[in-house]
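Trainee: Input: one structure, supplied below.
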Amino acid sequence: QFLKQLGIHPDWQFVDVYGMEPELLSMVPRPVCAVLLLFPITEKYETFRTEEEERIKAKGQDVKSSVYFMKQTINNACGTIGLIHAIANNRDKMNFETNSSLKKFLEDSLSMTPEERAKYLETYEAIRVTHESSAHEGQTEAPSIDEKVDLHFIALVNVGGHLYELDGRKPFPINHGETSDDSFLEDAIEVCKKFMERDPEELRFNAIALSAA
């Protein structure tokens, strides 16, 4: 529904990943071009995030210039930003309607910095309104903009044979190593498992795949 509102033809769909075992992953329609992970922001995670950032700044990492990344400046918009990250890094695979608000947003923002993209989204009514209306259609009451939410979305995508984690709260994409179209879902789920292992007491994890319809 959300994709349709943004002017994307229904060749791709979001499907739930019911579990991380091979037989449950085999139920996800292929190909998969992105995985969104919903997870809780806990003290353990924040400690890890700071250490990870310092480690990457010290050691460096290879990030292809073709990776589309944007910062998150709007509270509670992590789902929208995860969605934009998923679509933007697979835009060559998507069929957009001619008047698609998301297509226009991506075309306008391609040459921008991650910070400029975030600013642009703040002023971009069409996508924000869609996000808010789709949030209200859901079963759960959408949190208000000021409410403190401790659940967060990130996108995992394959760009040029590398698996990137895109999180608007982080200063840059995280390169998780090599992947391929065939192994992408399994590789992305391995990254999701690491999130779960860091917080073994937590149960609030949920993965969604962007799959061929």
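Keep in mind that glycine also has a Cβ here, set from the backbone N, Cα and C atoms.
In case it helps, TrEMBL gives these features for our protein:
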type	residues	note
DOMAIN	1-212	domain 'UCH catalytic'
SITE	GLN72	site 'Transition state stabilizer'
ACT_SITE	CYS78	active site, nucleophile
ACT_SITE	HIS152	active site, proton donor
SITE	ASP167	site 'Important for enzyme activity'
Trainee: What Cα-Cα separation, expressed in whole Å, is found between GLN72 (site 'Transition state stabilizer') and ASP167 (site 'Important for enzyme activity')?
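Mentor: That separation, Cα to Cα, works out to 8 Å.
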Trainee: Give me the Cα-Cα distance between the residue listed as 'active site, proton donor' and CYS78 (active site, nucleophile), rounded to a whole Å.
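Mentor: About 6 Å separate the Cα atoms of these two residues.
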Trainee: Determine, to the nearest whole angstrom, how far the Cα atom of CYS78 (active site, nucleophile) is from the Cα atom of ASP167 (site 'Important for enzyme activity').
Mentor: 8
Trainee: Would you count the other C-beta atoms found within 10 angstroms of the C-beta of the residue listed as 'active site, proton donor' for me?
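Mentor: Result for the residue listed as 'active site, proton donor': 19 other Cβ atoms within 10 Å.
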Trainee: Do any residues at least six apart in sequence from ASP167 (site 'Important for enzyme activity'), in the same chain, have a Cβ closer than 8 Å to its Cβ, and if so which, in order?
Mentor: GLN72, HIS152, ILE154, ALA155, ILE174
Trainee: Enter the number of other CB atoms within 10 angstroms of the CB of GLN72 (site 'Transition state stabilizer').
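Mentor: A count of 20.
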